[in-house]
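> Below you'll find the structure I mean.
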Ligand code: HAM
């Protein structure tokens, strides 16, 4: 078949049936893990008023300055396809007057106009959780643990958790002043982006990936070294609780995250397996965001994982070669009515079943193979006369004749992998 003349937009992808099946399995595993931790699902709109992202993700963040899909609707409203999930959840919690403490999870499509590359798409998917209304450092740990368990469940063994604390309103001004003083002497060596960040949100300079900039920061003051007593205590309790639960992590004193709303705990999950875009998930505390949205002071902590990156990091876990699908084959057209009846019985019992309308049995077997069916249920004149069917296992090639009245449990038994 030729490719046709229309291509999908840059930075998007198609999910072929096998990919879609694998993706649904990952989403299902996430829903299960989140539910086990007591979380409930929330679904918010795919687009929101632009201002909520400016207010939360941050005026100086790359997401807001360069990556938003913003548009004016026909009535002149400024709207944006959501680049991340947290602002919409915060807005919904306030607008719907939900009562904290809350444990919410979500998944869906998100949009960022970045330069597409391996692991970076313009339409991607996140799986995220938010705990709202809990200040206890043990909650930060519970959230980190949820992510770690999820990756473990998916068989991502090489996932490393990095941890940092970036302080609060109390300790940040003094730290910020010290950092700016340090960087001011080095402006000439910084990239364009870092110079802008220096004015808007100097701490984000530490996040720059450019080697020339990173060299400059080696000696720079780091947030974790400038915490006020209560942030220092929070951070110490997070680490102690991670240790107590046997969760491994690495301290990374430059982990400031790319969005502006964080305070205190920040963390990221990294996988060496997926290349330069090695962050498969990240999150942290955001104790001020509700106030900034005009709500009450509500502490909160959460994270989001990138679904595409997570799937890239999974061990080569090929989807089972065969689908849980039974394919009916009639040796001659005389068996077709019996086959159609059996098809209906299988389906009514919840067994996925299909048949081809080719008349030659060879072609029907070919169709079964092309559909990646797990087995064929063959009806020939002899079988019908004897009240049997032949069940062919398409994985082993084995064929057995069985009474027609036990075909449903036999097909089911064959599906059990
Ligand atoms: P984030 O670090 O911006 O955090 O994104 C979370 C994850 O989404 C990343 O670690 C990455 O795996 C994936 N991701 C981000 N951008 C792309 C892209 N262009 N293509 C593919 N994957 C991508 C947040 O979004 C926060 N809302 C997380 C959070 C929740 N913090 C507190 N609560």
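Quick reminder: no glycine exception, Cβ is built from N, Cα and C everywhere.
Please treat TrEMBL annotations as automatic predictions, because they have not gone through curation.
Annotations per TrEMBL:
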type    : residues                                 : note
BINDING : 84, 85, 86, 112, 126, 130, 257, 261, 262 : L-histidine binding site
DOMAIN  : 11-337                                   : domain 'Aminoacyl-transfer RNA synthetases class-II family profile'
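Relative to the rest of the structure, where do these features sit?
Here residue 84 (L-histidine binding site) comes close to 53, 57, 63, 110, 126, 259, 304: these same-chain residues lie at least six apart in sequence, with C-beta atoms under 8 angstroms from its C-beta. According to DSSP, residue 84 (L-histidine binding site) is assigned to coil rather than to any helix or strand.
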> Please work out the number of neighbouring Cβ atoms within 10 Å of the Cβ of residue 257 (L-histidine binding site), leaving out its own Cβ.
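21, counting other Cβ atoms within 10 Å of residue 257 (L-histidine binding site).
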> Based on a Cβ-to-ligand 1 distance below 6 Å, what subset of the binding-site residues 84, 86, 262 would you report?
84, 86
> Hey, what's the widest CA-to-CA gap across 84, 85, 86, 112, 126, 130, 257, 261, 262, the L-histidine contacts in the record, in Å?
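The span, Cα to Cα at its widest, is 21 Å.
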> Where does residue 262 (L-histidine binding site) sit in DSSP terms: helix, strand, or coil?
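Note: residue 262 (L-histidine binding site) is coil by DSSP, not helix or strand.
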> Mean pLDDT for the domain 'Aminoacyl-transfer RNA synthetases class-II family profile' (11-337), rounded to an integer?
93
> What count of other C-beta atoms do you get within 10 angstroms of the C-beta of residue 262 (L-histidine binding site), across all chains shown?
27
